[in-house]
Amino acid sequence: MRNQLYLLLLSVFVLITLNKSVHVLAQNYITFGKQKHRHGDMQQMEQPLSAIQMHKTVLALTKSASIHVQGPRILGSKGEDFEWVTINLRNANPTDDDWVGVFSPAKFNESICVPITKDEKKHGAPFFCTAPLKFKYANYQNANYTKTGRTSLKFRLINQRGDFSLPSSLAPKLISISNFVAFANPKAPLYPRLALGKSWDIMTVTWTSGYNIDEAVPFVEWGWKGQEQKCSPAGTLTFHRNSMCGTPARTMGWRDPGFIHTSFLKDLWPNMEYTYKLGHMLNSGSIVWSKQYLFKSPPFPGQESLQRIVIFGDMGKQERDGSNEYANYQPGSLMTTDTLIDDLDNIDAVFLIGDLPYANGYISQWDQFTAQVEPITSRVPFMIASGNHERTWENSGSIYNGLDSGGECGVPAETLYYVPAENRAKFWYAADYGIEGSEQYKFIEQCFASANRHKQPWLIFAAHRVLGYSSNEWYANEGSFEEPMGREHLQKLWQKYKVDMAFFGHVHNYERVCPIYQNQCVNKETSHYSGVVNGTIHVVVGGGGAHLNRFTTINTTWSVFKDYDFGFVKLTAFDQSNLLFEYKKSKDGKVYDSFTISRDYKDVLACVHDCCEPTTLAY
């Protein structure tokens, strides 16, 4: 069945009409998606696909409506991993509620449904068991549709395997089905994701394909740019419906993820440009290749060289064709993506600290996300953290209860993206890049204690939820200005090990806090810090793309700079003594907040409140 599924990677467009009462529900849903919420716990309902209850679809095909895909039926004939297609729609009885959905595989029917009970069989097996990959209303950018009954819509299709499913609250009628279109090779290796390995001289490459190990052997061909190439093997993973914790991921949101391959490129030379290609050797001996990519290896630890990293959280995904986002939940995602792509020659690594696509149990959206960020992830290490929309699910071992992950409970994130963790399910890891340096408390202290501040003087802590300080409205209403059990448990560690900065997402805005310890600012400067590290600078940088969160009107004296907009932070380490912090807006890439730090190694060793290095008579 798996082989058949991948051979049948087809896309079909369907025209579906809704009744007026359902349209009102959709409007209420949009309003609900904009309401205030506590810690995102209701956000699993805000995935646009969750508004379509496909398992209640009524089959009502009619000759008075037709939908047709223009152009060739085979896409990607020149190796492209995406194509724009135009569909022409005719409907003799048009309404404002008509919409067009994209389904893959095209031959959808009840055979791919979750087994149903005897009672459910009495009422007939569902015709659909899956939500569409994406959808648009028929009147999108055409106000005359309800008058003429004719329109054209453009969709951007990516090379994508399998299908997914989801229960929801609408009862659509299927009135027309298009001709099929398919990619030339639906199993092709796609969307490479680079990540730092467990030592500085290892780069990992993870990618997705439709080839299991009984069909083809995965590997990477790589080497210095323009020089002889060598091959490294890759391991293969996947996950299944029963790996999910609940709905919709186990039911209507399920979609076969394909196969995820990871290769370790070892013994890298520092600061070298490498080229690489993804390969699959078929049983016939022929090889299926990806296109060629390029990356630059990390510097040797402690090496004095220009090093630049980007940090942000809560990115989300957007469709470039305008589909699938009528809830407008992640309106800044493409701005952030494109701004980073434009500056990629000046970025060495990217850290996305949780809440990646907001798939919320609709597994197909992970493919859409990996395709969106592929121009970034194929060039520089893309290090991720797990957020509530990847991990949180009731009774799944998380300290937070809720349904935010839509039943994913961390499985897609930990499988699709490599992190150098001893246990990838826990998502706790430390990553060293050049002269920059994150059972949890013990692990954190071990990481801090092992940092060589002479070679890696800049010590950075990052987490998804705000464990430090935030002027966000919902935290202020609780009177905590942080997550429960946050800074009171960690601030002595930050102080003891002189952590320079702590970054957090989860709250969708930007805020910089003064160097602080025990709720007190310890430095009145705002643009330049020098000398001893006597407090940690806290930064909320959750404006990566998801809808923005408002600040409280309370005057928080420790807050230095706030911004209700989409953006990210860029850190530039010029050497072991000088660092530049810049907050840039996604809309234009310009700097709106910045400061510098300068200090010597002796300043890291200096004694400050609640932090004195152990003394010895041996010296």
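Along the chain as shown, residues are numbered 1 onward.
Quick reminder: no glycine exception, Cβ is built from N, Cα and C everywhere.
What TrEMBL records for 1-26 is signal peptide. What TrEMBL records for 72-185 is domain 'Purple acid phosphatase Fn3-like'. Here TrEMBL flags 192-296 as domain 'Purple acid phosphatase N-terminal'. Taken from TrEMBL, the feature domain 'Calcineurin-like phosphoesterase' covers 308-510. Residues annotated as domain 'Purple acid phosphatase C-terminal' in TrEMBL: 535-594.
Per-class residue totals from DSSP over the domain 'Purple acid phosphatase C-terminal' (535-594), listed helix then strand then coil: 0 helix, 31 strand, 29 coil. Across the domain 'Purple acid phosphatase N-terminal' (192-296), DSSP helix (H, G, I), strand (E, B) and coil residues number 3 helix, 56 strand, 46 coil.
Confidence in the domain 'Calcineurin-like phosphoesterase' (308-510), given as mean pLDDT, stands at 88.
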